[in-house]
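Lifted from Swiss-Prot, the feature list:
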BINDING   T24, G48, C49, G50, T51, G52, D72, A101  S-adenosyl-L-methionine binding site
Amino acid sequence: MTWPYATPGIPDELFERAEGVPMTKAEVRSVALSKLRLRRGGVLVDVGCGTGSVSVEAALIMGEGSRVYAVDYDEEALMLTKRNAEKFGVADRVVLVRGKAPEVLAELPKADRYFVGGGGLELPAIIKAAVERMEKGIIVADVVTLESLKAAVEALGELGLDYEVTQIFVARGQRKGRYTVMTALNPVYIITAYA
């Protein structure tokens, strides 16, 4: 399958998914990708790739000659990422990396763009490792808890980086008989830092 559009936001249902493997939803993914300011032929590290939705869309946007390092410790997540990359014709640009962040980041080539999908308790260490691996670039992290937001902002402050925080609330309409009911997704904080 090819995605014929130049804009991000591949519908969630077009990605292969599995129970327990997280996916950055289309609306949040679109904003995160725009915050990354991806370039043709660029290099992105997707930490906690899950289903690979960000990896796939980034590879499509950056085009031929680009590299996306899709990092996850979960073998099932990496297999989903592989299948989704194949489905959308970008398997040649997506490199699967099994390992735990932040340690595994030291094994990767330098990149000027990092996307962190979650990170949990390791989020501050992941941010610090990413900054150490780039001369100049952008880090975008999506988090859902206030604790993760606080940890990320504190880590960025300690590093002296400029950053911005955007909170996104998404509700999708669902038909219920004659009516359309708006169903909310979890609010997400998108943290963008400039190194």
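Cβ atoms are placed via backbone N, Cα and C, with glycine included.
Projection of Swiss-Prot feature records onto the structure.
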| residue | record | DSSP class |
| --- | --- | --- |
| T24 | S-adenosyl-L-methionine binding site | coil |
| G48 | S-adenosyl-L-methionine binding site | coil |
| D72 | S-adenosyl-L-methionine binding site | strand |
| A101 | S-adenosyl-L-methionine binding site | coil |
Please work out which residue of C49, A101 has the most C-beta neighbours within 10 angstroms of its C-beta, and give that one of the binding-site residues.
C49
If you count other CB atoms within 10 A of each CB, which of G48, G50, G52 wins among these binding-site residues?
G52
For a quick check of understanding: among the binding-site residues T24, T51, which residue's Cβ has the most other Cβ atoms within 10 Å?
T24
Given a separation of at least six residues and a C-beta threshold under 8 Å, show me what packs close to D72 (S-adenosyl-L-methionine binding site) in the same chain.
G48, C49, G50, L78, T81, V97, R98
Distance in Å spanning the most remote Cα pair of T24, G48, C49, G50, T51, G52, D72, A101, given for S-adenosyl-L-methionine:
18
